[in-house]
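Only one structure is covered here, and it is reproduced in the block below.
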Amino acid sequence: MDLLMVPYSSDPSLKTIQWPPFLLASKIPIALDMAAQFRGKDSDLWKRICADEYMKCAVIECYESFKNILHALIVGEAEKRTISVIIKEVENSISKNTLLTNFRMGFLPSLCKKFVELVEILKDADASKQGTVVVLLQDMLEVFTRDMVVNENSELAELYHSSKDTGRQLFAGTDARPAVLFPPVLTAQWDEQIRRLYLLLTVKESAIEVPTNLEARRRIAFFTNSLFMDMPRAPRVRKMLSFSVLTPYYSEETVYSKNDLEVENEDGVSIIYYLQKIYPDEWNNLMERLGCKKDSEIWEKDEHILQLRHWASLRGQTLSRTVRGMMYYRRAIKLQAFLDMANEKEILDGYKAVTAPSEEDKKSHRSLYASLEAVADMKFTYVATCQNYGNQKRSGDRRATDILNLMVNNPSLRVAYIDEVEEREGGKVQKVYYSVLVKAVDNLDQEIFRIKLPGPAKIGEGKPENQNHAIIFTRGEALQTIDMNQDNYLEEALKMRNLLEEFSEDHGVRRPTILGVREHIFTGSVSSLAWFMSNQETSFVTIGQRVLARPLKVRFHYGHPDVFDRIFHITRGGFSKASCGINLSEDIFAGFNSTLRRGNITHHEYIQCGKGRDVGLNQISLFEAKVACGNGEQTLSRDIYRLGHRFDFFRMLSCYFTTIGFYISSMIVVLTCYAFLYGKLYLCLSGFEDAIVKLARRKGNVALQAALASQSLVQIGLVMTLPMFMEIGLERGFRTAIGDLIIMQLQLAPVFFTFSLGTKLHYFGRTLLHGGAKYRATGRGFVVRHEKFAENYRLYSRSHFVKGIELAILLICYRIYGSAAPDPTTYGLLSSSMWFLVCSFLFSPFLFNPSGFEWQKIVEDWDDWQKWISIRGGIGVPSNKSWESWWNEEQDHLQNTGCLGRLCEIILDLRFFVYQYGIVYHLNVARGDKSILVYALSWIVMVAVMVILKIVSMGRKQFSADFQLMFRLVKLFLFVGAIVVLTLMFTLLSLTIGDIFASLLAFLPTAWALIQIAQACRPFVKGIGMWGSVKALARGYEYLMGVIIFAPVVILAWFPFVSEFQTRLLFNQAFSRGLQIQRILAGGKKDKKN
């Protein structure tokens, strides 16, 4: 850590830049060897040293520090004159370029060795070693005078002989008149100078890996690079624009409790165990700071436990991390104000001397400390709007205590909340609502403002309502909106003055109203999924936003740490739109609102904030579902309508393709796949394809044959990686970008992005048809755990599994009945991209699920899924406990939609009847008959099967409990009847085994269509008493789909190498950093037992 420190107080005697020690590491030892071995002129030696700027600075700094130490230590008059003569002689030789002539530089390393020993003693400041200091000074003088000096200096010789005549050695002194002041007067500046000098003299290894922490290196690299970007000149702190930061908070984690850190999930992994393995270097640093040798020692003291809780919370997505990051703004303002306002003496004393004031300075209103506090309060306000804080206090919730502790530790933090009070008005007790702002005073919260509201604040979307009620408590000309999962850094906070000056810069016809800021995604360090999402988000918030802002001029607000012109927006509709449903993605509507009111939105790359993203597949899917629903509502909003009508043609197209157009275009691509396959299916089942192929072959029409054998190439996953490639290439070089692109392909990034495309399209299309967009909580915990099959099935059944199986049936039917691809090789070439889509939809949840192919987990998942699908639902039974409850919840969108939505659903479901209509005419039992009678007979068979299922269902209800023998006889009768019918059909109607499988392909989609239509017409089906049969049939279909999807996973889980390969594939980033991810997956119990 010391290698990274820059001196906080400047030394006026040093005539060079004091670089961080890690840049100067090993420079002094190299310079010593160079001087000792050099044979030539002084100017040539100095030229070689100056060729390395850091070596030059290190040499000058060490020489000046050497002189300062000697002057500070030596107080004897004879000794002072001796040192002055020596320094004068050396500097004369330097000025005349005769240093190598007058001194033997081969003995310089010996002199330096003695000096290092002296500095080491000074670093410890042990008063008992005064005699050792004297001896070292005498040795250094002897090395210089006897070994290094070529021609003895007369003045120096006279001083040396005079000391001999008096019978006293130099530097020895007496008790009454000491020649050496040891230990010297200790100050913070002296201590820092000695420690720094010791590092410069002793560190010999290369500092190319300093700092070793990857996050520290990234932050330093970005900060130094950003200083070379174009940014406005920062004004004095007193003249900078004042601003506020607003953070909405509901009930997320504030600070992890001890129990949160210790509690284990089902895999035996606790949060603290996870953090120890993911951040091993930072964990070791924490142990060193606390003075603990073993991990168990950290739990023995309450003070250590508190430090541990904060350490863990600052590595999660918690409110304490966000507050710590945003309070860096205040710290940066005070630091910059200190440089503006401090006098020369205070500058030399350093900033730390001001930030640790005396009691007198604290009470004085004219002290520098008081001035810095006042300036910081005027220029910066931070409001965390915790709308449930009042209820949490009344209920004794731990979160309320944690929020109060945050206010105590950050005195300038303000918390706004909604207080619900029952008051008596006119003889009636009514609930009254207040917006309240509080601060911490004497470890308690003290009310600052209380504003009565006309009614309940939360009538629309939660987050924007939470922001809107607290807007009145913000101050200043600018407002930065910060999400609860964001972070900030001190070095970035230093550039806030520059960013605020952008409001006064020329950015076109109108001055900016929203300043866009880039983000760093800090959650992409472990799994491949987190890495994919981190790269995707990074490209979106950098190159994407940059292009949207300029030249397209269609950048809006996307929930990033953008800075608003507070006065502009507070007088033109506010910052957040809160209408329920339509404003689910409330942040982008702030950008719509600003643009419609002649605002100008810019984007700036030289400053950034941190942001956490979801790291598990299920979390990512829930987030993308929320975004897709939000885009569906945007499509129906009047804001998009107005923008489309008021933009010019080119800006209109830019707005379309960068907002809802992406979802519409992607939906059209997938719908085109469906149209392509259903068209192919109709051609081959109707016989048109066979006739056209024969005609083309007979006439030699190659073009027609090629058209029939065309394929639909869908590689959305590869296309999604291209923006990442460009951004990585721009920031880290195209060689790195090519390497990362190849690694992403090997880690199946196209599979993930194709799968996420299915999520977006499903929820976007459902929102367009039926509405019902709602906020979906994703959770912001640490996710390296196995998701159960039942959980995956609930989340992806309708969005991916049903669509994947439908596409698979289409491809199978085309393989069986198609004529354009007669051999497997041709068929494979024509349908490979489609099968890629099918496999991505069906198996991505298992491929990206930790331990997804571990046999023990597979067995537990199957038992859990069977239990879930068999439990009956009812009032109070949650969807994660019963299939029936989940099935009813999946139909909520149909219950809330209108007649047009139900009609559209029914029309879309009619496509499943195509299979039966086409396949029954290809059965051997049809004997080539093409009349409508064959199709009618197929419906009779369908109805017969449904009647049999209804009889079984009724028999189970009537007889299964009290008359089991009767129920078993009914089932036996039906089974025997079915066998007899099949036997007669085999013998009399030439039925074949192939016909049975073909009938399954025909009738299974038909029955599924009937289930879907029955759900759309639920009131009518319930009225005729058929709802129970529909439910029973649907349960059977769910069980069948589960078996079809789960079977390949079970087969792969038989082979142990598959699980190892999947772990390596999913956690390659962790393996690359040497992390023990396998121990995390295996659980922490083994370590605890050991």
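In case you wondered, yes, glycine gets a Cβ from its N, Cα and C as well.
Among the features that TrEMBL reports, domain 'Callose synthase helical' is placed at 20-203. Annotation comment: TrEMBL describes 210-295, 301-905 as domain 'Glycosyl transferase 48'. Here TrEMBL flags 655-677, 702-725, 737-758, 829-848, 932-952, 972-990, 996-1016, 1037-1057 as transmembrane segment.
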Legend entry - Cβ-Cβ under 8 Å with the transmembrane segment (737-758): same-chain residues at least 6 beyond its ends: 528-529, 531-532, 535-536, 620-621, 624, 666, 670, 714-718, 720-721, 724-726, 728-729, 799-800, 803, 836-837, 839-841, 844-845, 847-848, 1065-1066, 1068
Inset, instruction - May I ask whether the transmembrane segment (829-848) has at least three C-beta pairs under 8 Å with the transmembrane segment (1037-1057), counting pairs 6 or more apart in sequence? - result: yes
Inset, instruction - Mind tallying the domain 'Glycosyl transferase 48' (210-295) by DSSP state, helix then strand then coil? - result: 41 helix, 9 strand, 36 coil
Legend entry - Beyond the flanks of the transmembrane segment (932-952) by 6 or more, those residues with Cβ under 8 Å of it: 916-917, 920-921, 926, 970-971, 974, 978, 1002-1003, 1006-1007, 1029, 1032-1033
Legend entry - Overall pLDDT for the domain 'Glycosyl transferase 48' (210-295), taken as the rounded mean: 88
